[in-house]
Amino acid sequence: MSAAREVAIGIDLGTTYSCVGVFQHGRVEILANDQGNRTTPSYVAFTDTERLVGDAAKSQAALNPQNTVFDAKRLIGRKFADPTVQSDLKHWPFQVVSEGGKPKVRVSYRGEDKAFYPEEISSMVLSKMKETAEAYLGQPVRHAVITVPAYFNDSQRQATKDAGAIAGLNVLRIINEPTAAAIAYGLDRRGAGERNVLIFDLGGGTFDVSVLTIDAGVFEVKATAGDTHLGGEDFDNRLVNHFMEEFRRKHRKDLSRNKRALRRLRTACERAKRTLSSSTQATLEIDSLFEGVDFYTSITRARFEELCSDLFRSTLEPVEKALRDAKLDKAQIHDIVLVGGSTRIPKIQKLLQDFFNGRELNKSINPDEAVAYGAAVQAAVLMGDKCEKVQDLLLLDVAPLSLGLETAGGVMTTLIQRNATIPTKQTQTFTTYSDNQPGVLIQVYEGERAMTRDNNLLGRFELSGIPPAPRGVPQIEVTFDIDANGILSVTATDRSTGRANKITITNDKGRLSKEEVERMVREADEYKVEDEAQRDRVAAKNSLEAYVFHVKGSLHEESLRDKIPEEDRCKVQDKCQEVLTWLEHNQLAEKEEYEHQKRELEQICRPIFSRLYGAPGIPGGSSCGAQARQGAPSTGPVIEEVD
């Protein structure tokens, strides 16, 4: 039989929620996780016994706030000193420390202090999405397309790619979220002719606007703009601050230092925010929020809009910028497409609609799933899927920021302009600044400012061995090359000697080295083994518990009550009680110990129930072992048959 054809998945790695899709049999399937949810919280929790990812991690966040990590996307690819990281630290219950200028999350796991890079936390979420896909497909998954905000810079893209590698994925492509959403929107509108589409993507932590032209399966991005630090969580923060102040006013108590109270308040605020998208008022009821005080309050939609008014208004600036860069008037936009959960907020819809002079907004695609949908389509294209629907699909994306190098006086000389279609390659010739200069330092920057000090340094390298010559004579050719992932390589060549040097902006400071990624891959495998051992342990404990209660229940069944001699009944009851007491005191025992306890109980039960039925095995509850041979009565505990 031929092996199953390899498929690639599309993953929307979100700030607050993630989503995975696969393109099969001509259509995209968005996959539900083990809880039946089509989106999975981007949360990882560490306890004394196990590591939890997704729904399980988020649901215990209030009980374990300092070891429940979220928002890794707001840390990934950033420096610890980054002002946005410093402002976020105030809102996070978990500890973030600096190691060599890079942020690391410090938690307690199995009684030990551990520190993880944001890439490692994100890789755990990606592993969860990978497992979700594998459970659905029934085969291992190795290849994926992962999405990032269009405005993510080079280091954030590379760090996301590293996270994929740590999760054991071959990342086929990093694509921009609004572009992926545009694929989801445009795939079924092939015959509509050329259309200019504006994608307005406001998620849990990031905001993007992209202007595209879609025509006969060609998706050409004209311009992109955004804010990698604006989203639903910022609206939650405004609500949390508002209610914290109200609590202080009403009860003269400051709950800002109590992590558990803050987590419960944040969860209630998130729920209230969602309610306000469909109702004009939301109520918060939190029992014993802080120092035994119950907190009952309400908020109107108008008050919420006032609290966030500056944030809501700020979403229009990138819209104007993207239209300006695309050289399009707002009247030339055919479709305005909403993506991301935060676009459900009525005020944001109204602001956008008013900006476009009352035009209808397009809400035809699922805002939570559109990005994963588009990523799954792109994954199928890259794997060479022959389906007619994706056969001619062509994606032309752009570089979100200008790229250049520093020339005399700290001036930014741009080689690749922002919104240049990628992949792209640009070459320019430079020369020396002083006589007999033996080498040049190539410093690579991204950003839009005239001086390099105001832009972001990506990396630097030296080209040495230039023959002595007066200033202005040597010719140094510098080439900037961006691949389809938006990741940059820079080469410098001395024309007279042919001597060259190059840098791929991947192992620059703030990046993980190849060795670090490999170490993290090994550690991820170890965590997986630990997780499986924990699952086996829990299964063995549950099996023992179920068996004990099944035996106890059987003793009280009417049909058996009179058939079991009193001495045997007492013997079984005493043993059951002994096992239950042992269970109470050994919640963290090893799998083998649970199995040993079960075997001991079985040894006492087996002869008693065998005499009763005249058979070595007795059918009963499905959780307690193998079915006995046919013809035996269908009551009593299940005893596993031994060959």
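Keep in mind that glycine also has a Cβ here, set from the backbone N, Cα and C atoms.
What Swiss-Prot annotates here:
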type: BINDING; residues: 14-17, Lys73, 204-206, 270-277, 341-344; note: ATP binding site
type: MOD_RES; residues: Lys563; note: N6,N6,N6-trimethyllysine
type: REGION; residues: 3-388; note: region 'Nucleotide-binding domain (NBD)'
type: REGION; residues: 396-511; note: region 'Substrate-binding domain (SBD)'
type: REGION; residues: 620-643; note: region 'Disordered'
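Considering other CB atoms within 10 Å as the measure, the emptiest surroundings among the binding-site residues Ser277, Thr343 are those of Ser277. Across the structure, Arg274 (ATP binding site) and the residue listed as 'N6,N6,N6-trimethyllysine' place their CA atoms 60 angstrom apart. Across the region 'Nucleotide-binding domain (NBD)' (3-388), the prediction's mean pLDDT works out to 95. Sequence-distant neighbours of Arg271 (ATP binding site) (same chain, 6+ residues apart, CB-CB distance under 8 A): Ala282. In sequence order, Leu612 are the residues near Lys563 (N6,N6,N6-trimethyllysine), counting only same-chain partners six or more apart with C-beta under 8 A. All protein chains included, Arg274 (ATP binding site) registers 15 other Cβ atoms within 10 Å of its own Cβ. Long-range Cβ contacts of Tyr17 (ATP binding site) within its own chain (separation 6+, distance under 8 Å): Thr39, Thr40, Pro41, Ser42, Gly204, Gly341, Asp368.
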